[in-house]
Amino acid sequence: QVEQVKLLDRFSTSNKSLTGTLYLTATHLLFIDSSQRETWILHHHIAAVEKLPLTTSGCPLVIQCKNFRIVHFVVPRERDCHDIYNSLLQLSRTAKYEELYAFSYNPKQNESEQVKGWQLIDLAEEYKRMGVPNDYWQLSDANREYKICETYPRELYVPRTASKPIIVGSSKFRSKGRFPVLSYYHKNKEAAICRCSQPLSGFSARCLEDEHMLQAISKANPSNRYMYVMDTRPKLNAMANRAAGKGYENEDNYSNIRFQFVGIENIHVMRSSLQKLLEVSGTRGLSVNDFLSGLENSGWLRHIKAVLDAAVFLAKAIAVESASVLVHCSDGWDRTSQVCSLGALLLDSYYRTIKGFMVLIEKDWISFGHKFSDRCCQLDGDPKEISPVFTQFLESVWNLTEQFPQAFEYNEAFLLQIHEHVHSCQFGNFLGNCQKEREELKLKEKTYSLWPFLLADQKKYQNPLYNPDFSPELTLLEPNTVSFNFKFWRNMYHQFDRSMHPRQSMFNLIMNTSEQNKQLEEDIKELEAKIKQRSGQSDAVHEKEQDHAVPVALKSPPCFQKEPLPMPANDAVRAIEGSNPADNRYSELVSEFSKAEPAVVSLEFGVARMTC
Amino acid sequence: MEFAELIKTPRADNVVLHCPFHLAVEGTLCLTGHHLIFSSRRQDNAEELWLLHSNIDSIEKRFVGSLGTIVIKCKDLRIIQLDIPGMEECLNIASSIEALSTLDSVTLMYPFFYRPMFEVLEDGWSSFLLEQEFELLSSVTNEWRLSCVNKEFSVCHSYPPVVIVPKCIDDEALRKVALFRQGGRFPVLSYYHKKNGMAMLRSSQPLTGTNGRRCKEDEKLINATLRSGRRGFVIDTRPLAVAQQARAKGGGFEQEVHYPQWRRIHKYIERFNILQESFIKLVEACNDQSHNMDRWLSKLEASNWLTHIKELLTAACLAAQCIDRESASVLVHGSEGTDSTLQVTSLAQIILDPRCRTIRGFEALVVREWLQAGHPFQQRCAQSAYSNSKQKWEAPVFLLFLECVWQIHRQFPCSFEFNEQFLILLFEHAYASQFGTFLGNNENERAKLKLPQKTMSLWSWVNRPEELSRFQNPLYEANSLVIWPSVAPQSLQLWEGVFLRWNRPSKFLEEAEIERINIIKYNKELQAKVNALRRQLAEMEADEEVQEE
């Protein structure tokens, strides 16, 4: 515990600060300011801690978080600062999974609730929903004991005609044994999205089993003879891989395939792209042109567009041409996961529901072995393995929700919350790199699943504009991917920088109004019932005068306590908005005005004063 | 002149109309003196397109065999293409359109021929008189007076006949001050902040010249707006260097020696030709769908448009801050005081004054701070982003103002009575209109053209209840506070409603907007119903109690 610590405003040059006390707990860093407002930061969220040179007011400490929060403390005594710095370094770097928050987090669920929570998302059920197994596709037991591929799940769906020797042979010809398996089946078009890793083709190697495997996938689609093979890497990268004995499919060796490069960059490019983006967006007193050129130089939006373009290509191949598509990159767990999951999201409206989105993440990301632990740096490990691949997926989905405001059951808060927990290590879902590892960690016994908690809170994550009939089942969502449609995701990268957001949130207002509408509908039912009851009673009142208990109870129904007098419609909306503590933007707006100086303008004023 | 002389081919059949994101339609094209009319001849839902010639910014023609194609680029940024069979017809039509869309004489413009099909409930020409404004002002302060010194437009040709000035300054002094300010634009009241009695004045630059001329009356006039012992701020919309150079041409700025109670702040806002260039570049970037991400972002950057938005918003916030936070009076001017000056004073009022965020109040603001204040609409809006001719008076000054309002609107979506469509409407009508409101460069010209007698006012039309309902913001809830927008680049956005309007399908966004409105409407219905039921229940209870007694 350190007192008299100052928390600086990240974007104000007027040195506005809050003074308060800093506490370190086993799991969180907590700052309580003089007006008792609390800022909690989970140790696992800390991406970097930096001690800046001593200043007259104390020792500055800058903490960068994985959810893009940046806090800037000034600790009065250098020794305290040093202690905090060291403790945070230790606490934020965990060596063993067992030390992660998820293993100590206790949400007060009993054992059966815990088990039920883990059963909420059932992938076998999901494949059944898609329509497999069927005449063409079956469940394979080849990987039941993780013998063929350690990073795949136990249960894999393959074409019926792919025998075990073909599977085994194909897996030996694929990087990390990740042979082609079913990711999504489109029952109307009878076409499939399959995924795998790159072939070990080198310059000339071929593998008959692998060729058979692809043919089997092709034949499992009765409506189209050819299939697409999408290599999601830039062509140059794929060619370079040939020198290492890896590479891509030679169209001459595989019959009826149409080979296509897509050109999504690798994890290292993505990592440094995000780094550049954050550097730009974190600059104080940023000019518009520096922002735009920084945005351009970071390449971030270009990457998001590339990912979404690939998904559109995939979805169109299935929906328009009824062609099956095999997607791979190098190992088939980063770009492949992005493209397969987004493609399915465009094809199938189920994945645009809250539950369906959870299923999609469980299927294409968790079960197929996207390396969450490495990519999100859950344990102290190789910094070169860190990459915002999953963040890009969420951002692509956000872009789609912007273009199709009524197509998604969930809202932006849902995406942000998932992003938060991918890094929080508070729940077991995203721990580890693959299913095998998760089983070894006994996560289902020792930790809790995130999904039931999100579902219990689903009111917060519902899109008030959602129209379930927006598109008929299994019709393609066709986004416009012209460059100007892609915007900087302010609510993600500046989530905690309140001064940058609209001071009145139209979204929250609509959300609360729609919530209130549901409540009002119930009130009306209740009132009507009472009036009915009462008018019946008043007829009977002469006969049963002793029965007074009911009217007394009726005098204070819940809705009366809330609003004793009929209020004008507008005030009620405002009252609700102000009374919701989780979202007090509106009331914050009022307090913002009562402060001595407005942060935003004084910044400019300072500049102006210097020039005159 | 007869329009018929210009129309050699009044009608062409089998013309195909191409609009982005619409299927091509075949139909008949007709030219009239003021309109290009296209009508599909399909029996079921016949499509018609009426395009004002004055809305046409540029026209291109090309031929493939005997099939001619005309590409028409409009001032509202829309682009349409017409395929016309027959070389002669096509050439005739193209040259007619060219001639009709570039008529020199104002009195040949459509507003002089337009006959409204609606009943005029209130004449927009007299809806917003300065006298009414002054009446409101006199109810809170008596430090100001209405001056008719400019009655014959003799003191300042670009000012209205009446202006509001400090009470202690007589007309004689005003005449002298007018000689000391460029174009005679002496300092007048732009806005009075009721909360603390501070005033915002606007004028043109003082004519100090190289030898530092001074004018006692000018000093007295602006000092009259100061509280004793308090300082005021002069916001000069030119950089210091430009202001200094202006002295060589007889212009200049308020020097400290002569204006010791005033602190000068130079807040640079770009001038018209640079803005026009920026506008053209931005529209070019938005219209090219083939740009990859890097190219799009670098084009957006190179246009500098958002930089201008940020500069302008910042200057307006600064003016508002001086008045509201520093409790100081403010004088705003640039050179002529007809462009950047008006942008700053009108935006500051949006920030400070809740009345300007209502529909009526915003209309009054546009009339007061733009039309009456002498923004040369005729010159600035003669051409839009597609003009090839290099005329130097065009500039999207008013559009920039509207976009800044839109940016603030986005940040405070519940604080404005009007919606985005209202701003777009004003943009369209400033460039091409059937109404006379935006014709002429100042009140003087409007009076000479007899616009109030000969044309219809936009406000007469828009303020009718059935039109007004289209422009109302369902989320509006009067907010009496000062609204401080964020000017961080991350908080600013491209105005898609104008710049991407014709470049992308907007069906889903429009449907979502309708859904939003429905949720709000439904809420109001439910509230009313709950209240009625509660009342009914309460009455029943009361009855029962009476019975019991």
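Each residue, glycine too, has its Cβ placed from N, Cα and C.
For A:Cys329, the entry in TrEMBL reads active site, phosphocysteine intermediate. Under the heading substrate binding site, TrEMBL lists A:Asn266, A:Ile267, A:Cys329, A:Ser330, A:Asp331, A:Gly332, A:Trp333, A:Asp334, A:Arg335. Per TrEMBL, the feature coiled coil maps to A:510-537. According to TrEMBL, the domain 'Myotubularin phosphatase' annotation covers A:117-493.
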Subject >> A:Asn266 (substrate binding site), number of other Cβ atoms within 10 Å >> reply: 16
Subject >> substrate site shell beyond A:Asn266, A:Ile267, A:Cys329, A:Ser330, A:Asp331, A:Gly332, A:Trp333, A:Asp334, A:Arg335, criterion: Cβ within 8 Å of Cβ centroid >> reply: A:Ser197, A:Thr232, A:Arg233, A:Thr336
**OP:** Quick one: pull the CA-CA distance for A:Asn266 (substrate binding site) versus the residue listed as 'active site, phosphocysteine intermediate', whole Å only.
**Re:** 9
Original post:
Among the recorded positions listed here, A:Cys329, A:Asp331, A:Trp333, A:Arg335, whose Cβ has the fewest other Cβ atoms inside 10 Å?
Top reply: A:Asp331
Subject >> Whole-number mean of pLDDT values that fall within the domain 'Myotubularin phosphatase' (A:117-493) >> reply: 95
Subject >> Where the record names A:Asn266, A:Ile267, A:Cys329, A:Ser330, A:Asp331, A:Gly332, A:Trp333, A:Asp334, A:Arg335 as binding substrate, the maximum Cα to Cα distance in Å >> reply: 12
